[in-house]
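Student: Dumping what Swiss-Prot says about this protein:
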- 1-16: signal peptide (SIGNAL)
- HIS17, HIS99, TYR186: Cu(2+) binding site (BINDING)
- CYS59-CYS189: disulfide bond (DISULFID)
- ASN112: N-linked glycosylation site (CARBOHYD)
- HIS174, GLN184: O2 binding site (BINDING)
- ASN244: N-linked glycosylation site (CARBOHYD)
- ASN381: N-linked glycosylation site (CARBOHYD)
- 399-439: region 'Disordered' (REGION)
- 399-424: compositional bias 'Low complexity' (COMPBIAS)
- ASN472: N-linked glycosylation site (CARBOHYD)
Amino acid sequence: MRIFSLALGFLPLVAGHTLMTTLYVDGENQGDGVCIRMNRNAEKATFPISPLANDAMACGYDGEIAAARTCAVSQSSTLTFEFRAYPDGSQPGSIDGSHKGPCAVYMKPVANATSDNNAAGDGWFKIYELDYDSSTSQWCTEKLIANNGFLSVQIPEGLRGGDYLVRTELLALHAAQDSPPDPQFYVGCAQVFLEGSESGDVPEGVVIDASTYSLDVPGLTYNIYTEPLELPYPSFGPSVYQPNASASTENAKVSGTQATQKDGLQPEGCILVRDDWCGYEVSSYSDEAGCWAECWTQADECWGTYLPTGNKNCQIWQDKCTEIDTQCSAGNWNGPPNKGKVLTPELEGVGGSMKVFSGGVSSADSEGSGSGIDEAETEMNTSQGAAFTSTPAAETAVAADATATATATTEDAEATTAAEAAATSGAGRPGRGHGHGRGPEVYADITVYDDNDHLSNIRPVISCCKVNLGPNDSFLRAARFAPIFSGSHGLRIDYSDTHYWLIAWPVNVVSFDQCLPQPQGSAPETSRTAIHLFAFSRAALSPYTCYLHLHIIEFTISAAFDQNDAEES
């Protein structure tokens, strides 16, 4: 028997990270992951940027990797961004309600949005910001949640036509007052081509890179729990760009050379879109050899390359291949059937209001564009973070304080990716198994799984922490551990070749009549905030529904079991 003891505590749920997944142009859905730069690691895609001194502050992790597509937009188009706690949309939600804080949107002109390594650096100008709206007593993130995860902005008129990166920035302040402070930035970028004159406005920009943010900026250590709040909120960064109304109108009417999109267009012949991937019609065939040739090669590529937004459309392509197989097996070697039929499903529209949130500042304000911003709130922000700098060639960015590295949260720094837990979407491809242990090691990975389908659809949602399973020194190395836990049954720990489940419920918080069937035995008499954890092997676990909302900072698990016997609990 091996004693498994983790020194771990607990708090109510404050987990629930987020990712910007989808762009809508004037209400038209461009498709999940289309024209979006995002973290390509599905297990960490929703994580905040850490530490603050990080070039990922520009467009997020993997934000220097360009998307294949650039979406066309018009002067004064409304851009709507969708944020999801589950990037593939498998469960609802945008960001946890505890994650209160401001929002901002920036733009940056680039020579080619589909080129890599053009995010961090100068050229960024702000077109929208909203922190705390005193008229509604809401933070921007609260308005985002109330609007089903949709944030809209209007492009200012008169900008020079061409390629741009559009950067969304959410700042969660729920742990900003901690020691050390832990402000959590969630940033992402869309690639757009702005139609218009090549002689339009080019706003002065600022640098966004590893030097931009530090704990010296007051807005990053703001205490949202102070009553009453200390208002106004100390906004940071550059003022929102406000074009001269008359100049913008004239620039918009310039009849000179109009910018023409050359890069990032949807490839000709693409009949199925899945984020950066396109499926192309197979070549016509008239014999048995040609009948089997091409379809499954594309299917394998679709299943093997999808972004965190999911692989839903891969099943559509697989169905096409199966239909071809059926025809081939029947001796019908003339095809393909339904040649050239577009398979991309019709996309849903914006699932919330497209009105720009009131209470903030927008570049569109000065143009009377009807953006929905309160008239009283149109003054430019004058409280700027010192780490932001304008970008004329003679100027350089102010270096961030070296202590910014101390703000790294261990949930990312100590996170370990479980190599065999790659099937994060839970959808369709035959033979895609669930993750399991790496074999006997001194250090074993902990992977947190979300299971809402009674063990039938197990999804790894976060890999975190290494546990020393040595006989004399068992401990959890990570101090913070925040799984996405809405509607989950428990934690699964993968160790060796067995799966051990830890089932938790809050005593006197979630009533047992919400857990069907009830766990055997009666709950111990303990305090209201206590969490009781029970270790089960996979075989010993009887599925039951008990919806828990937990944020596990530290907790204590003590269980004795034979690591080679998955039937013991």
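Keep in mind that glycine also has a Cβ here, set from the backbone N, Cα and C atoms.
I'd like these features described in context: how deep, what's nearby, how far apart.
Tutor: The Cβ of TYR186 (Cu(2+) binding site) has 24 neighbouring Cβ atoms from other residues within 10 Å, across all protein chains displayed.
In sequence order, ARG37, ALA119, ALA120, LEU165, ARG167, VAL187, GLY188, CYS189 are the residues near CYS59 (disulfide bond), counting only same-chain partners six or more apart with C-beta under 8 A.
Long-range neighbours of ASN112 (N-linked glycosylation site) (same chain, six or more residues apart, CB within less than 8 Å of its CB): ASN118, ASP163, ASP263, GLY264.
All protein chains shown were included, and the count of other CB atoms within 10 Å of the CB of HIS174 (O2 binding site) stands at 20. Following the DSSP three-state reduction, the secondary structure of HIS174 (O2 binding site) is coil.
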Student: If you count the C-beta atoms lying within 10 Å of each candidate's C-beta, which of the recorded positions GLN184, ASN244 ends up with the smallest number?
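Tutor: Each of the recorded positions GLN184, ASN244 was scored; lowest Cβ tally within 10 Å is ASN244.
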Student: Of the recorded positions HIS17, HIS99, TYR186, ASN244, which one sits closest to HIS174 (O2 binding site) when you measure Cα to Cα?
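Tutor: For HIS174 (O2 binding site), the spatially nearest of the recorded positions is HIS99.
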Student: Around HIS17 (Cu(2+) binding site), how many other C-beta atoms are within 10 angstroms of its C-beta?
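Tutor: Neighbour count, Cβ to Cβ under the 10 Å cut-off: 22.
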Student: Through the lens of DSSP with three states only, how would you label ASN112 (N-linked glycosylation site)?
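Tutor: It is coil.
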Student: Measuring Cα to Cα, how many Å separate ASN244 (N-linked glycosylation site) from HIS17 (Cu(2+) binding site)?
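Tutor: Each residue's Cα considered, ASN244 (N-linked glycosylation site) and HIS17 (Cu(2+) binding site) end up 38 Å apart.
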Student: Expressed to the nearest Å, what is the distance separating GLN184 (O2 binding site) and HIS17 (Cu(2+) binding site) at their Cα atoms?
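Tutor: A Cα-Cα distance of 9 Å.
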